[in-house]
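Okay, structure first, notes after.
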Amino acid sequence: MTISNAAVRAASLTKVYGEGDARVVALDGVDVSFRRGELTAIMGPSGSGKSTLMHCVAGLDRATSGQAWVGDVELTGLADDALTMLRRDRIGFVFQAFNLLPTLNAWENITLPLDLAGKRVDRAFADVVIDAVGLRDRLGHRPSQLSGGQQQRVACARALISKPDVVFADEPTGALDSHSSAELLGFLRRSVVELGQTVVMVTHDPTAASYADRVVHLADGRIVSEQLATVGGA
Amino acid sequence: MLRAILRDMRAHPGRISMTLVAIVLGVAFVVATWVVSDSAAETVGNANSRTDLAARVSSPRDTELTAAERDRLAALPGVQRAIGVLIGHSSVVQADGKLGDTYWPGEGGTNWDSSARFTLASGRGPESGGEVALEQEAAADAGLTVGSSAKVLNADGEPTTMTVVGIFSYRKAGASEVSPAVAYDPATAAARLGSAFAWIDLYGTDQTQIASAASGALGSGFDVRTGAELAVQRQQQADEEAQLVRNFLLAFAGVALLAGMFVIANTFTMLVAQRTRHFALLRAVGARRRQVRRAVLAEAAVLGLVGATIGVALGIGLGWLTMEIIPTTGEAVVFAVSPMAPLVGYLVGVLVTVVAAYGSARRGAAVAPVAALGTDAALPKRSLVIRTVAGCVAMSAGVVAVVATSGPALTDAKRAVGMAGALTGWLAVILLAPLLASAVLIPLSRLVSRRGSAVSRLAVRNAIRDPRRTAATASALMIGLALVTAFATVGASLTSYITGAIETDVPADTLIVQSAQGFSSISPTLVEKVRAVSGVDSVASPTESFAEFTHQGREYHNTITALEADSLGRALTPVIEAGRADLTQGVLVSSADAKEQGISLGDTLTINGVTAPVVGLYGESEILHGIVVNKTLLPPDPKSYLGAVYVSGASRSALDAAFADRPDIVVLDRAGLLAEYTEPLDLALGIIYALLAAAVIIAVFGVVNTLALSVLERTREIGVFRAVGATRSLVRRSVRRESVVIATYGGLLGVGVGILLGGVMQHVIIGTPIFDLTIPKIVVAGALGGMIVVGVLAALWPARRAARTDILAAIATA
């Protein structure tokens, strides 16, 4: 694994919450790389620091010490606005729930990052993404008119639309039934295979992890193992 | 239960602070109103009233009180002293060489005496013919102090230069006394003001005995009042005046409270919505509906109580400040706070808050216990059907009432119906505001969706997300703005009506000679003096009297205006709607009077024994009234009313020079004449705007409140917005635009409703058609521009809060 092959990486990343007796070390000097064009799953029990790791490498939270890079940009020194631009232009997000702005319809939600950046929508690519998530006939609907699975697929489409360096998905299937979960994971898998997208997914669900190329296990803020997965894709 | 509520309130001071502001401001206004009117009554009634009088004898109309009566009264048993009071025409020349118009010149002079009428502020009383004492305010107006020489004018119109030896403040007794400006020593007063006393003041200890002795001595016909009776009269009059002031101010306080109610109701709606799950939990663990409802009402009452306490304190302070800064006529100001003031304040504060919160309390209690279990506990959406139907009914009723009374012939009943219709329409707009919000903002949202940026799109959509909330916020703004615009429309319409009428009647180069004291009558001898000025081409001296005339055997009464025949078309140019403006051939009648009294062109009228044909009909005029006759045909009585002389041909400087020695006469050009008419109107409007500002300010806090609570509700949304790439400034901008959209909507509603309301008001007042109104462009532009500023300012704090939203906390909130 060479550095140039990593979409995202972290070196000695440490995150500490609180002080004194209430001091909690969420991340304890984590070194990790997420490869380009791969779906990496971060797994671990509750409180293992997997979400914190994602937040720190995705520019949503600031590490206490250590460094993190998205591509060749180092996050730790960036001001809030620069970090925001980075998220907008180079990172896609799918959260567990409440991913969408309720006043915007599906199309407007999908294109929001481009809108915020003042960029034109690449119609051809948008068509590819929309057909992939199967939402062509739902574009004019508001989130409240969509099912949970459809809402998560809109969120995925939004994450892909700006062709980001990496898509972070935080328990994307946490609020979905098994059928919708399978659909969503299948879609994330296809985005890696067909579009060459890099995806980092935080999950505690082994089924979800079975869609990954690589699985990183965290416990007590440290990486305990990193293994190539047998890609099921089913 | 109450404890839980109070803890909840203490835990979230930010949520209730704006509501508190609305209550505090509303209550403060009411309390200040009470304090100001109480203090005014106290100031007039007690502090500046006399208590040293035993009795006062006034003469009936046709009998004079002279020194003989005074001496007889002085000799009565128990009377220690009898002082005859002379009241007559006197005024003080101002620094500009003309008279001021602040005093009643007819009652401006009196004789100095050592009674409690006068309290010397400096100097001494006048003792000889060359000396005067001046009333404080009059001296200040004219820029005079002890030792300066004053020019004093009496009824003869000739100014006399006298030395100011004292400055006094005046104390009154009874209801009708006026503060004089000038006091002379007794001999000078008799020479200048005449020897007949206006009344005789009696001093002594036993008021009733003295009064009955005086009645007995003078016989019937004389009005004798004891000092106590006079004090009661004066207090009554002071109370009545204070009551008028109070009612006037309370009307505005009511408007402010109405705006406040919208703000409070809106806050409670949002607070209850945010705590849906909290209420469901209470219900689930066994609270009855009534208990939940009471808990919310208790919260409202506590809030009202706290708000009222601050409001009462602020109101008393505001009242004190008002009494300090309002100009008084040299009277010692008394600051009075009656127990009623705080009582009313508390009553209003608690009642308004509880009433405003009642709807929310009921909805909170209606939450199903099962809602506690769901993830997204929300109140069921309320239907707008009932509200819309009520609004449509009210609107129809209002329109019908206004249309039915829109004709030109107006009776008082029609005026009342028209006005009531307009106010009903105003209320209907409040009811229909949510619907209108959708109607106005949805097309805007479509437009923005196609053209605008993501930020504008979000802002507009957020603004129409809950039309009820936006409508309530905008309605609060609308209430104050509609009234401001309505009064401005009336003002502009009246101004343009008067301006139009005067500019029609008076050519631009005509000059006007009139009394320095506004519209007082001037002497007819001035007409000859004007005519003698070099360059004069034509002189019009419309002299009015009220007379009987006969038309086709029937008798009528009307104003008869005597006018120089050659002035028509030169010094004055009234619009002739029929016939000719030739007074040498007959008389002119106003079209309106002709219509009312059935007079047509060519009919003959007999006025004071003189018969003349009607040769012309003239249109609306501010200068000519009733039947206009040739001055040579019907020479007016010298006592008739002559308001002004209109002159063409002469130069301003020539006229000014001719009247340089007459402080009681001023020369105006047409613009100056217009100002005489419109300035009092502008002043009145200025006061009304200032009083309505309270309602607008309260509504602005309502906008802040709505935004702050909305931002709080949307924490997760803002978190996602930030996560996918919105910078802090973008978040701030979207809140700011939402705020501007809401405020501008309020502004548009207010201006629209205000103009229509103003149209009806001016129709009701002057009888012109409703749509014959003048739009007050400056006020409208100011209101709309002001609302954009209000939108930006109101968003400052909520936008900052929104921008500071912690992304992680926001997306972690499940």
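Keep in mind that glycine also has a Cβ here, set from the backbone N, Cα and C atoms.
Listed ranges B:173-199, B:740-766; the one TrEMBL annotates as transmembrane segment is B:740-766.
Each residue in the domain 'MacB-like periplasmic core' (B:470-630) has a pLDDT score, and their mean in this model is 90. The transmembrane segment (B:687-712) shares the most Cβ pairs under 8 Å with B:778-797, out of the stretches B:384-405, B:740-766, B:778-797.
Secondary structure by DSSP for the domain 'ABC3 transporter permease C-terminal' (B:691-806): 98 helix, 0 strand, 18 coil. Listed by sequence, the residues of this chain that lie at least six past the ends of the transmembrane segment (B:740-766) yet keep a Cβ under 8 A from its Cβ atoms are 402, 405-406, 410, 415, 418-419, 421-423, 425-426, 429, 433, 436-437, 440-441, 444, 459-460, 463, 470, 473-490, 493-494, 497, 699, 703, 706-707, 772-773, 775-776, 780, 783-784, 786-788, 790-792, 794-795.
Across the domain 'ABC3 transporter permease C-terminal' (B:251-363), DSSP classifies residues as 94 helix, 0 strand, 19 coil.
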